[in-house]
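Undergrad: Structure incoming, see below.
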Amino acid sequence: MICYKQQSLQFPITTVCPGEKNCYKKQWSGHRGTIIERGCGCPSVKKGIEINCCTTDKCNR
């Protein structure tokens with residue numbers, strides 16, 4: 001699986017995720033505006049955080 005990886009204001013890069021079957025994109029509102037995080041897997045999130053998990057290469061753009 002190849003996913004985009006990103007922490008808030010950084011530019012997204014691609015990464016290989018051995019053994020993973022999902023990529024995710026999660027976003028929430030913070031004091032600086034909308035915060036976006038991308039990565040491998042499909043983590044659990046707290047209330048108020050939107051998450052989209054997907055199952056194809058680079059699907060979390």
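Even glycines carry a Cβ here, placed using N, Cα and C.
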Undergrad: Determine, on the basis of Swiss-Prot, the cysteine among Cys53, Cys54 paired with Cys42 in a disulphide.
TA: Cys53
Undergrad: Per Swiss-Prot, which of Cys40, Cys54 is disulfide-bonded to Cys17?
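TA: Between Cys17 and the options Cys40, Cys54, Swiss-Prot records the bond with Cys40.
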Undergrad: Using DSSP and three states only, what is Cys54 (disulfide bond)?
TA: strand
Undergrad: Mind checking which of Cys23, Cys59 has the fewest other CB atoms within 10 A of its CB? They're the disulfide-bonded residues.
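TA: Comparing Cβ neighbour counts within 10 Å for the disulfide-bonded residues Cys23, Cys59 gives Cys59.
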Undergrad: Express the distance between the Cα positions of Cys54 (disulfide bond) and Cys3 (disulfide bond) as a whole number of Å.
TA: 10
Undergrad: I'd like the Cβ neighbour count for Cys3 (disulfide bond), meaning other Cβ atoms within 10 Å of its Cβ, all protein chains included.
TA: 27
Undergrad: Provide the three-state secondary structure of Cys59 (disulfide bond) computed with DSSP.
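TA: Cys59 (disulfide bond) sits in coil per DSSP, no helix or strand.
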